[in-house]
Amino acid sequence: MIQLIDVSKTFISDNVSVHAVKDVNLTIDQSEIFGVIGFSGAGKSTLVRCINLLERPTKGQVLIDGVDLLQLKERDLRLHRQKIGMIFQQFNLLASRTVFENVAFPLKHRGISKDKIKEKVLSLLDLVGISDKLCSYPSQLSGGQKQRVAIARALASDPSILLCDEATSALDPQTTKSILKLLKDVNRKLGITIVIITHEMSVIKEICHRVAVMENGNVVELNDVISTFSNPQASITKDFINSTSTLSRIDELIQEKSDIVKLNQGERIWRLDFYGSETKEPIIAYISNKYNISPSIIFANVEVVSDTVLGSIIVLVTVSDQIEKDVIQYLNDKQIKVEVIKYA
Amino acid sequence: MLDLLEKYTPNLLDYSDEFVKSISETLQMLFLSGTYSFIVGLFLGTLLVVTRKGNILENRAVHRILDGVVNLFRSIPFVILITALIPLTKLIVGTFIGVKGTIFPLVVGCTPFFIRQVDMALSDIDNGLIEAAQSMGLSPLGIIFRVYLKESIPALARSTTITTISLLGLTAMGGAVGGGGLGSFVIRYGHNRFYQDITYVSVIVILIFVTIIQFIGNIIIKKTSH
């Protein structure tokens, strides 16, 4: 378990202080996949470095399984760091060493026998699915393969925590998916706690259980991923969520006064947000029958987040004020959020 | 063959014993001062890098002093340095002439150059690698040997090659002010007595040395770069 208590980090350079992280309180449970999202400069990389003290917080406590790392001596801190693996955006493999030697790197000079190291390295390479590249050098590998090696290396000393600093940001979407799947497998098989730093909401959506949204060094929102997606609070969170769907196009279209959103008398544009259990009911069909309206779908976006359906549709509908009120009431009863985006 | 040599290099043949001795002296100076400079330069160069701001053993005082001393010695022309060092050389090795008396000034002249080369080589190591090593719980000493030095072997091989070649140049200059070796040989005969054949053959010998050093350097660089 990771506990950050009132953690702040201030950088001072040339008499200007930058508050990278401000009074952050977080508890990350054992075996959880925890995401931290934010734009660049939000302080998320600094925050994750405060967990293994690559950055020493200016203030606060960092408890790993109850041990305050800030109170440890250098030597003990190093021992604790061995139990916190870390992977990076730029992989940080050692170019002069083979894949095998890279993974064996953290195990050497620790009094572990050669045979044991070999056995461990081979099993790790098998786990990350890259056994055939044993004798290759990093320069001969693709980005995805490099990150697999980095993951194997980070897991070599059987850590209980794996920190991922923008681990997929340098990878193409397909490779990102495969690396995220690997992290998910690792989490399931080894029960390891994973902390993921990213600026991509799709990464959070793909594997995280909970997410913290950071802005200007503060955690502005902290919730499980489904709640965050279905009911975002902070405006920055909404921005992030919009970035993953095509729905924000509607705002642009309205601004551009596109023909698609040109309304005749009595027409309205609604946005319906739904998630979870109601998604199986034929809501649209039902309201068109009951209220004798014919909504036409302009945009739709449906996602599956942690096995929950999460969707939004934007419809154009001709309806009177009175009926609109009834329909919205009905939909709200069904836990569907309705927003009137535009009316004529 | 001998006829040919007699025809083109008459003076060299007269002094062939001294010529061979000079070559061996040059090699001695190169090897001994090179070895000392390598050890001292590698140590101080590494120290210069790791004590720099933001690096693993950040230490402003040590870094500043070292940096200043390196700059100071780098800016003194070697011929002047060797003269200025005479009292110190005499104190340390007992004499300031011959091969023995030249090695100390050579080390002092060559090491700062090599320190800068080491500095450049190690500074090229991506900070991410250092961070990764720290996150694995490596000690500063472990990071120095297993990341900084090991990962920059190709760059260090390149620096060592360049430094060795420039050191070869310094040994000749050492010869000019009382040292031995090819430098003093050429000055005594090629320059003072105007035996041009001696000068040209010596140039060819030096050229061969440089070629061999560069060749060995290239092999090491090639073998260690991946």
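Glycine too: its Cβ is placed from the backbone N, Cα and C atoms.
Note that the coordinates shown come from a computational prediction; the quantities given were computed from them, not determined experimentally.
Annotation comment: TrEMBL describes B:23-217 as domain 'ABC transmembrane type-1'.
Residues or ranges marked as transmembrane segment in TrEMBL: B:29-51 (among others). Same-chain neighbours of the transmembrane segment (B:29-51): 57-60, 62-63, 66-67, 70, 99, 102-103, 106-107, 110-112, 114-119, 121-123, 140, 144, 148-149, 156, 160, 163-164, 167-168, 171, 174, 179-181, 209, counting only residues six or more beyond its ends whose CB sits under 8 Å from a CB of the stretch.
For the transmembrane segment (B:72-97), the list of distant contacts is 103-105, 108-109, 111-113, 116, 170, 173-174, 176-179: same-chain residues at least six beyond its ends, Cβ to Cβ under 8 Å. TrEMBL lists B:72-97 (among others) with the feature transmembrane segment.
Residues or ranges marked as transmembrane segment by TrEMBL: B:129-149 (among others). Beyond the ends of the transmembrane segment (B:129-149), by six or more residues, the same chain brings 42, 46, 49-50, 55-57, 122, 156 to within a C-beta distance below 8 angstroms of the stretch.
Sequence-remote contacts of a segment are chain residues at least 6 beyond its ends whose Cβ falls under 8 Å from one of its Cβ atoms, and for the transmembrane segment (B:161-186) they are 15, 18-19, 21-23, 25-26, 29-30, 33-34, 37-38, 41, 78-79, 82-83, 96-99, 101-102, 105-106, 109-110, 113-114, 117, 198-199, 202, 205-206, 209-210, 213-214, 216-218, 221. Under the heading transmembrane segment, TrEMBL lists B:161-186 (among others).
Marked as transmembrane segment by TrEMBL: B:198-221 (among others).
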